[in-house]
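Worksheet for the structure shown next.
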Amino acid sequence: MTITYTSQVANARLGSFSRLLLCWRGSIYKLLYGEFFIFLLCYYIIRFIYRLALTEEQQLMFEKLTLYCDSYIQLIPISFVLGFYVTLVVTRWWNQYENLPWPDRLMSLVSGFVEGKDEQGRLLRRTLIRYANLGNVLILRSVSTAVYKRFPSAQHLVQAGFMTPAEHKQLEKLSLPHNMFWVPWVWFANLSMKAWLGGRIRDPILLQSLLNEMNTLRTQCGHLYAYDWISIPLVYTQVVTVAVYSFFLTCLVGRQFLNPAKAYPGHELDLVVPVFTFLQFFFYVGWLKVAEQLINPFGEDDDDFETNWIVDRNLQVSLLAVDEMHQDLPRMEPDMYWNEPEPHPPYTAASAQFRRASFMGSTFNISLNKEEMEFQPNQEDKEDAHTGIIGRFLGLQSHDHHPPGANSRTKLLWPKRESLLHEGLPKNHKAVKQNVRGLEDNKAWKLKAVDAFKSAPLYQRPGYYSAPQTPLSPTPMFFPPEPSVLSKLHSVTGIDTKDKSLKTVSSGAKNSSELLSGSDGALMEHPEVSHVRRKTVEFNLTDMPEIPENHLKEPLELSTTNIHATLKDHVDPYWALENRDEAHS
């Protein structure tokens, strides 16, 4: 059985733990009193022999042996060995408790998913939950001595109502040399599938949820079976037991009080009762007894699990949930807080002291002075570092100082401040220096800068950067040219459209590179890098002659080589191409 003392330590008060020392059931005294009396008896027998039965020479030999044992007794790592062992045992003990099968979730699913108020529906639900309880009992009687004493055979399970005679015969037909705790779970799965095929379970998702919960309980039963089969290695238990008992066997000799007249170091007092030796025995052997009791919680000790109570409780609760409580709901009605947005449940006189306001945060009650709540100018506005994109990337700071209070748009227009302020003024900079200062003082340059910022195109605004698109592959994408585009290409000066190769004609002082597409598809200039080299092609689009009516309009054949042609000097800048209308392209 389990010793529960939770209510006695609910409040940490003076003597709350001390009162637990007076308990006997499940206490360390009940586990330790036998070994302690044996140790006490052996200690005083050795003391009596040393004092009364030995001669002077024999006493001298015994005293040397005592000093030797006392000096080397600390070499036994009893605390280290016991600490790891008890930690392992307690962890294993709690894991076994977490794997105890509780059918509460499964019975809720069976009661809600398996429909039917008729006799067949009731039989189906009760049979399903009885199979779950039968699987739990079969595994518990395999690992718990208390449950096995209650149900020593399968016939006892039939008499107790966990299994019908037909199911018992079906179980005996299997005749496998293994534990049969898994058989009821197979019956449960097949019966659930039959209920779904018969329309008792509406949706296959509900069937899957039911089988998932069944598998969870089946897994817990398998874990209990594995914990019972695989114990803590015997060698570890033996090492811990030998270390503890050999330590205190040595203490029987090494902790004896010697004759004070012989002035041995540490033996100035001749005490009858070795208090600290007895306390050490109480702690270390008691520590070992804790591991001995928790190593198998399915026994009959005071702190073992209440397995028989678990069997009774699970059967009673689960049958009630799937039978009498199926679709037996109370009438719905508005609660007492129906029209209250913030319900306030009442407190009794004994619990009124525990009423607390809602916690808003640890900084909720902090108060600041009025001066401390005023915003200060940002450090950026004071320093006003104005760097380009490369300077910002390299961490460089500008030495230009902008006036405080400038917003983000006026900061971007700061490089153009001088040109905006000097627009329409004489070229003599010294003559208009005072006027510029006056404009700065009156912040007139800001208004003019904002107007210029709004009226300027997007590509001319400071801070606008247009990066070319990076191709995803070295092979350029090819789009068939439209007729309108072909007509424009025919009108480009310096290109012979009748030729199959695309060539640029140099005019004036402009130097143009040649882009040829030969029959072999290689570039004429540096063919070894033709697959990665980009050529610059110049087109003169300033004077575009009209296309004659009798001009041959034939498709322009492009070369098959990997070439990216980039317009370099166009009469319109690149931003004009970006902002052009789709209809006029």
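Every residue, even glycine, has its Cβ placed from backbone N, Cα and C.
The Ca(2+) binding site annotation in Swiss-Prot covers A10, Q293, N296, D301, D304. Secondary structure at N296 (Ca(2+) binding site), as computed by DSSP, is coil.
Residues of the region 'Auto-inhibitory segment' (346-379) grouped by DSSP class, helix first, strand second and coil last, total 7 helix, 0 strand, 27 coil. According to Swiss-Prot, the region 'Auto-inhibitory segment' annotation covers 346-379, on the basis of similarity to another entry.
Long-range contacts of the topological domain 'Cytoplasmic' (1-31) within the same chain, counting only residues at least 6 positions beyond its ends with a Cβ under 8 Å from a Cβ of the stretch, are 282, 286, 289-290, 292-293, 302-306. Per Swiss-Prot, topological domain 'Cytoplasmic' is recorded for 1-31 (among others).
Residues annotated as topological domain 'Extracellular' in Swiss-Prot, with similarity to another entry given as evidence: 52-60 (among others). Distant neighbours of the topological domain 'Extracellular' (52-60): 259; these residues of the same chain sit at least 6 beyond its ends, with a Cβ under 8 Å from one of its Cβ atoms.
Annotation source Swiss-Prot lists topological domain 'Cytoplasmic' at 83-237 (among others), citing similarity to another entry. When averaged over the topological domain 'Cytoplasmic' (83-237), pLDDT in the model lands at 95.
Under the heading topological domain 'Extracellular', Swiss-Prot lists 256-274 (among others), citing similarity to another entry as support. The list of residues near the topological domain 'Extracellular' (256-274) in space but at least 6 beyond its ends in sequence, with Cβ under 8 angstroms from a Cβ of it, reads 43, 46-47, 50, 59, 63, 66-67, 70.
Annotation comment: Swiss-Prot describes 289-585 (among others) as topological domain 'Cytoplasmic'.
Annotation source Swiss-Prot lists transmembrane segment at 32-51 (among others), citing similarity to another entry.
Here Swiss-Prot flags 61-82 (among others) as transmembrane segment, drawing on similarity to another entry.
Among the features that Swiss-Prot reports, transmembrane segment is placed at 238-255 (among others). Residues 39, 42-43, 46, 62, 65-66, 68-70, 73, 76-78, 81-82, 85, 274, 277, 280-281, 284-285, 288, 291 of the same chain lie 6 or more positions beyond the ends of the transmembrane segment (238-255) yet place their CB under 8 Å from a CB of it.
Counting only same-chain residues 6+ beyond the ends of the transmembrane segment (275-288), those with a CB under 8 A from a CB of the stretch are 28, 31-32, 35-36, 39-40, 43, 78, 82, 86, 240-241, 244, 247-248, 251, 255. Taken from Swiss-Prot, the feature transmembrane segment applies to 275-288 (among others), supported by similarity to another entry.
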Mapped onto three states, the DSSP assignment of D304 (Ca(2+) binding site) reads coil
Given the transmembrane segment (32-51), its same-chain partners at Cβ distance under 8 Å and 6+ residues beyond its ends are 59, 62, 248, 252-253, 255-257, 274, 277-278, 281-282, 285-286, 289
Most isolated by CB count within 10 A, of the binding-site residues D301, D304, is D301
